[in-house]
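Enquirer: Please see the structure below; I have some questions.
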Amino acid sequence: MSRWLWPWSNCVKERVCRYLLQHYLGHFFQEHLSLDQLSLDLYKGSVALRDIHLETWSVNEFLRSMESPLELVEGFVSSIEVAVPWAALLTDHCTVCVSGLQLTLQPRQGSGPGAADSQSWASCMTTSLQLAQECLREGLPEPSEPPQPLEGLEMFAQTIETVLRRIKVTFLNTVVRVEHSLGDEDRSVAVEVRVQRLEYCDEAVRDPSQAPPVDVHQPPAFLHKLLQLSGVCLYFEELPSQADPPQPPLQIGSCTGYVELMVRLKQNEAFPGPKLEVSGQLGSLHLLLTPRQLQQLQRLLSAVNLADPAGLADKLNKSRPLGAEDLWLIEQDLNQQLQAGAVAESLSLYPITNPLNLDSTDLFFSMAGLTSSVTSAVSELSVYSVDLGSSVHSNMAFHRPSTPPHSGGKMAPTPLLDTTRPDSLVKMTLGGVSLTLLQTASPSSGPSDLPTHFFAEFDAAKDGPFGSRDFSHLRPRFQRACPCSHVRLTGTAVQLSWELRTGSHSRRTSSTEVHFGQLEVLECLWPRAATEPEYTEILSFPSHSGSEASARPCAHLRHTQTIRRVLKSRSRRSTACHCHSELSLDLADFQSDVELGSLDRLAALFRQVTTPSEPPAGLLTEPPQATELQTVFRLSAPRATLRLRFPIPDLRPDRDPWAGQAVRAEQLRLELSEPQFRSELNSGPGPPAPTRLELTCSDLQGIYEDGEKPPVPCLRVSKALNPRSTEAKYFLPQVVVTLNPQSSGTQWETAYEKGRDLELSTESPCELQQPEPSPFSSKRTMYETEEMVIPGDPEEMRTFQSRTLALSRCTLDVIMPSAHIFLPSKEVYESIYNRINNDLLMWEPADLLPTSSAAARPPGSSGFKMCKSAFKLDSDSDEEDAQFFSMASGVPQTPAPEPSRRQSQSTFSTLVTVLKGRITALCEAKDETGKRLDVTHGELVLDVEQGTIFSVAQYRGQPGLGYFCLEAEKAKLYHRAAIEDYLLPTHLEVPSFAPPAQLAPTIYPSEEGVTERGTLGRKGQGPPMLSAAVRIHLDPHKNVKEFLVTVRLHKATLRHYMAPPEQSWHSQLLDFLDVLDDPVLGYLPPTVITVLHTHLFSCAVDYRPLYLPVRVLVTAETFTLSSNIVMDTSTFLLRFILDDSALYLSDKCEVESLDLRRDYVCVLDIDLLELVIKTWKGSTEGRLSQPLFELRCSNNVVHVHSCADSCALLVNLLQYLTSSGDLHPPPRPPSPTEIAGQKLSESPASLPSCLPVETALINQRDLTDALLDTERRGLQELAQSSGGPLPQASPVSVYLFPGERSGAQAPLPPPGASSHTLGSKAKEHENEEEGDGDTLDSDEFCILDAPGLGIAPRDGEPIVTQLHPGPIIVHDGHFSQPLGSTDLLRAPAHFPVPSSRVVLREVSFIWHLYGGRDFGLHPTYRARVGLTGPRVSPSRSSGPNRPQNSWRTQGGIGRQHQVLMEIQLSKVSFQHEVYPEESAIAGGLGQELDERPLSRQVLIVQELEIRDRLATSKINKFLHLHTSERLPRRTHSNMLTIKALHVAPTSSVGGPECCLRVSMMPLRLNVDQDALFFLKDFFTSLAASINPMVPGDTSEAPRETHSRPGSPQEGQSEDTETASNPPEAPGSSHSSSDQQPIYFREFRFTSEVPICLDYHGKHVTVDQVGTFMGLLIGLAQLNCSELKLKRLCCRHGLLGVDKVLCYALNEWLQDIRKNQLPGLLGGVGPMHSVVQLFQGFRDLLWLPIEQYRKDGRLIRGLQRGAASFGSSTASAALELSNRLVQAIQATAETVYDILSPASPVSRSLQDKRSSRKLRRGQQPADLREGMAKAYDAVREGILDTAQTICDVASRGHEQKGLTGAVGGVIRQLPPTVVKPIIVATEATSNVLGGMRNQILPDAHKDHALKWRLEEAQD
């Protein structure tokens, strides 16, 4: 090298400099440089060029050769200075200084670049040897002969190479500007990159020692270039139109610090590594953008497409031959098609999802398609995933690999080696990055020149803004730099890596990786007129801040994009290429604030940033070839903390959306373990695919934070083991959001719908369409005229949910494998309820970007469908017609005028699935007074299995319509009223779902033995245990929201626990759920109307008393509850329908689980029962217009099946329930010593005060007479002193009740029973009942007096008494005509409106009384109990058992079904009314009533029957209504009527007084001796088994409101009562003031009741009733004995119901003994017929005389006498004759039985006799039927005799031959002689009976009612 250091000549220097400039830069200049144009300073070695304009075409050709996406528009260079150190050329470097370089570029139009050759970057650098040769030859004259090689040419080339390596280029004040026109708009945008200084040199300049040796023949494999930049700034300019003045560009970014880039170029392909590698370092990068700027930048970058897929496909598709790998793939695909069956079968079991949507048919031109070859797509994936790295040369040969052996019948394809090679690699390290994105385009707050102020703030920092490990110190600086609302991304220690790989198969892959040492994403909101901003941490990493920051990056972003070609020749696609992108984000433990206002602002920001897609020019324009894009996004982190902030909803129209964060102090912190988020976005030709966002985690914890209060763990969701998987896989918590798109109305869709309409128009109009899916059952269930709404079955629910999810714009699917919700108090629940229900759900997004409708609607959005016919609006072709909220445009598209509701899209659907869940609620524990208990709380736990919650809003595009569904396969409720407080858990554990130890099961699935009906079908096919469906409809015009709620509970059991009202599970649950709604600004709550339908199927109530040895089970096959609930209304209606229910009792209390049919006894069976409850809040005036509470009940029949012990147990249970037995433990039974001592200390005063009835009545009357005068004198003195009227005396004041002192002043007696008092009116109101015994109430007629009625004279002549002289004047309309039928239960009109009313209408009861016992330990003993013994007739004791109609009537094993009686009360009506207090009715009644009514009861029994079903009795009806011609049955008559009126006493002391009135219809008694004794024994055993009412602890038992006279009243204090009572002995019983008997001030039996009695004695019984009574009972026979129950009226007062019964029985018995013995004895034996016989003769003679004396009509008297003689005498004679004939018949039958031989009778003959006996028991209805029966009897008798003789002869002949036959006939002769007598008497009896029944039809009817048919008995 040293020999080249001679002095350079000027010629050489000029040639070298000119050549260098011309060679490198000449073709870029507009003028060509020559030696004359150079101005050289040869001594200093410098050259300068100024004001150079670049040649645009040459530069663009150079850029096009490099496949650059940009082209030059204009270029200018201020100056170019080149300095060459000639003196030290080989040791010093040459410098090129370019000042004022300005380049204006724009995106290049035309096909984009393909895989650029990286050598083009160095194509301008030719070899130094060529350069030396051209340099020396240029300018010399052409030689005449070939030139000779220059000596030292290689040495000169080596020198040039050395000089070129040491060139240093410096760019000063460089401006690179990229402009882009925005489509059809006038405006354009420009981005400028301003670089103050850029130095470019070779790596040898910095470190000459690392430079490789110079070799002119072998260039180096890699070139290393160094770029150093400083003062880099980014500017953005929006070029205005020509009319607008230009604006200076705005700075949007700056690079602070030192920027250094190392460029590594590979010149030899044999070496591994990328062709171009750039690595650099950057201090910090700050960006400040507005949404519009970011949008324009996106459009600019999209225009500058670095990898245009169309160009790539065009370039790579040109003349590409089939290579070895293509032929191999073809062969593989052919092999797979041959095995398509096996592959398809395997893939059907394990489907393979193709995340890249790669289609192997796109690889070749020659293949039609590999549609069924999924494996080929998988093989292609494997091919594309192979990375050869840097060890494979580009010219390697491909060989087909060897085929592996077959395994399992299938061949796995061998992956093909990939040919992708690294092309470019960029690695950057940034000290810090900050991106500040303003939320508004023109912020109102902040300085006017915000960019200048912003970047000046950061340029002032000398040490850089990212000096600390956290970002807390940056917030004040950003507050000063940008005082306006923005979103900021800040990151430090950023490492950026980008790699581009290209290869065969027209595929290019680019991958980008970004690592953040620290990262923070903030929203900084500046409210108006605020000095401090409000921060929302969108993404932060608290664990990576501070001194303990980890070296591991907090965020790792990976982005991989693969582009491959798609053939254009395929007609089914219009895509030019397929682009698949994967974006993966790995985060460290992070936290994020989730606030709806911030999300709304971010969404608005996103809508501003995103570029709307350009619509096609027209409908018939062919769409351009689109790119099929598929983007997969994944996010994962070890832990995540989401802080959900609850917004403050503001629905006012004039609210300020930028007023700041309107959030509550409460927040919900969600801690997720191992969260993973995945989303996939697809775009391209064809219908748009739905977007799916999926979030999974292994564990989720929710902590509710309320300000300064301690945090409350309220939610825990964890994974659960999958029981169906053998690999122990888990179900993970999952949240999936699916965004379904809306297809636009294109020409193809319009054509399809047109054809669809033509197809549908030809359908038959009679064809039924498929019903629309609904959550309600399609099976119509009607009750009366109302349709019962029932939730749908599981299939209907699934159909509705799947269809709704498919037709929803947005769906949310949440899966919770194991969930636990914990609510520690009602306050926390109320807070959470208001935060979620009133804040989250009521929040609405603000109008952040107000735009006009014309600008918001994209062109072409209103498709051609607006002209579509409405003929078939419900067809399936309108599925995509619904309006849809576009994520790209952010503007809801305008819907069609009348969209099809059937195919319109719903707005939002939610499906929450809980495999196992538990809700724990801690509620308040209160005592009986409602006061909260300290240190205790109640607890409720609800467990759910396989539960689903489904909700849809704006169903099918209807704004006010929504549905809500709830299902649970199993549900269990546990409860405990009071538990001691314990420490609340700091975090929730995963529940084990075992029953809580301290809680009792309350509602749970019914056990197998409890349900009556088994599960139909296989297991799991039945309906779920709990299902609910709610329909929500809001009418915005009326502001009315209607809820249709249906609930179904299937096979559930309620365990009933008796508790105080405030401690029951339902009261605590309702109190816990009764929360107040916080008001919402700008929201007017609508009027809510709720229609509730609750259905319980196959449910039960299990009750186990604590102190009663019985277990109770109530089952109901169907229980329906319907209600209409309207807010702010005074009326509430509730209806219950109970169908097929029963009550069971069991005495097996020690067994936990029982079987219904084996261990229980059904005692109550209800067929259908309806209850209607109506409540009224009352009026504001305080007056009642209707009852505050009204209960109405009606049913068809109630069956009671009981023996004496089960009935007594039922009565004891009712007493136990009414007295709240579980709450009051029974007293300890006294020991025998205490009992003996108590008996010795008893005094006469302590003896029972229950005296005989006669003695009590005598004492009563004596006391009344003795004290009457004294009382009158005292009242007269009192009235004279007070000046008031003199009241009449009442005998009620003579009693001294317990609790009154003997020396106390007698209380004031009530006013007498004057004609205007309420009591008198109540009595006289029903005087009409005394006349005929019929209860006919009238609300308008009130008979006050009937003057003139006196004692009739003895001759019976009526005497007319003249009351008013003169004519009688009739006033028309004086009495109002009643409207409709009269309500017998209604109170008179002058009564006040009751405050409560209970009504039972037409309820029927049937009481089945069985013999034996249902419970007990000795079944053999129970079988002997009953009528077995001397009472049973030997001839009837062997009767068969009665058949069982149902298993419910089986009862216990000791029940005797052959011993049965039935008591039936048909159409029972009852009404109980309670009247308000005196203050409530005083204003309404005034002085009309002197007595205040308290309550009124009415009981009406339309029909009362007692049926005899004993096997030993022939009686049919034991008791029934007696009707005859003299007493016909009235149409609306009631058999029994009882009316009771309770009034308040006029005195201050005493309880309510009752006026009782009873009326009854005539009775007919058919008494069998066995039935009578059974009833006696039954009720005796029943009375003995009923436990007496034992009062509990008076300190715990609540006092009754009403008590008998003498008890303290409500307003009287307990101290007064205690002072008035003497102290009792410790062993004495409690005072009976708590349970006072009713005091009856008046008792009236208003009607005289005739009774017709028949009695049939069977056997003498002397062991119980004595000898005489036993003989009398056993031998007595009564027929039509007549009795009468006389009218009763007792006004002396009776205390207790027992006294009333004793009084009535005593009066009737005395009357019967004194006056009715003749009528009773007239029925003994045949006396009734004899009496009738003589009565007929008497009437025949006496009636004409009586009629003549009365009115002189003798003929009328003769007619009456003849009619009476005919009906009485003739019927009596026939009856007597029939009795005589029957007696002869009985005697003949006895003789026949004696004379008949003992030979057996054939079976056929026995059957014939039994059938004749059945027909014989039925009396003929008339003479014709009697003659027919007589003929049949004679004919059958003759045939029977002949058949008997033939049978005897044949049997004797078989046994002994002819002798035996003759002997048998001779033995049969005596009974044969007697047989005609029997037949004749039977025929005669039939004829006489027919004649009697024809004369007297009532006799036949009475016979049919009295005697039981033999068929019914058997």
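The backbone N, Cα and C atoms fix where each Cβ goes, and this holds for glycine too.
The model shown is predicted, which means the values in this text are computed figures rather than measured ones.
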Enquirer: Check the candidates S65, S118, S1246 against Swiss-Prot and report the one noted as phosphoserine.
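Expert: Swiss-Prot annotates phosphoserine at S1246; the rest carry no such entry.
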Enquirer: So which of S99, S366, S869 shows up as phosphoserine in Swiss-Prot?
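Expert: My reading of Swiss-Prot gives S869.
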Enquirer: Hey, which of S407, S468, S472, S877 does Swiss-Prot call phosphoserine?
Expert: S877
Enquirer: Can you check which of S241, S390, S574, S875 Swiss-Prot annotates as phosphoserine?
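Expert: Per Swiss-Prot, the residue annotated as phosphoserine is S875.
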Enquirer: Per DSSP, what is the helix/strand/coil residue tally across the domain 'Chorein N-terminal' (14-112)?
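Expert: Its residues fall into 25 helix, 37 strand, 37 coil.
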Enquirer: Mind giving me a neighbour count for S1381 (phosphoserine)? Other Cβ atoms within 10 Å of its Cβ, every protein chain shown.
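Expert: Summing over all protein chains shown, S1381 (phosphoserine) has 7 other Cβ atoms within 10 Å.
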Enquirer: Mind looking up the mean pLDDT for the region 'WIPI-interacting' (1337-1383) in the predicted model?
Expert: 65
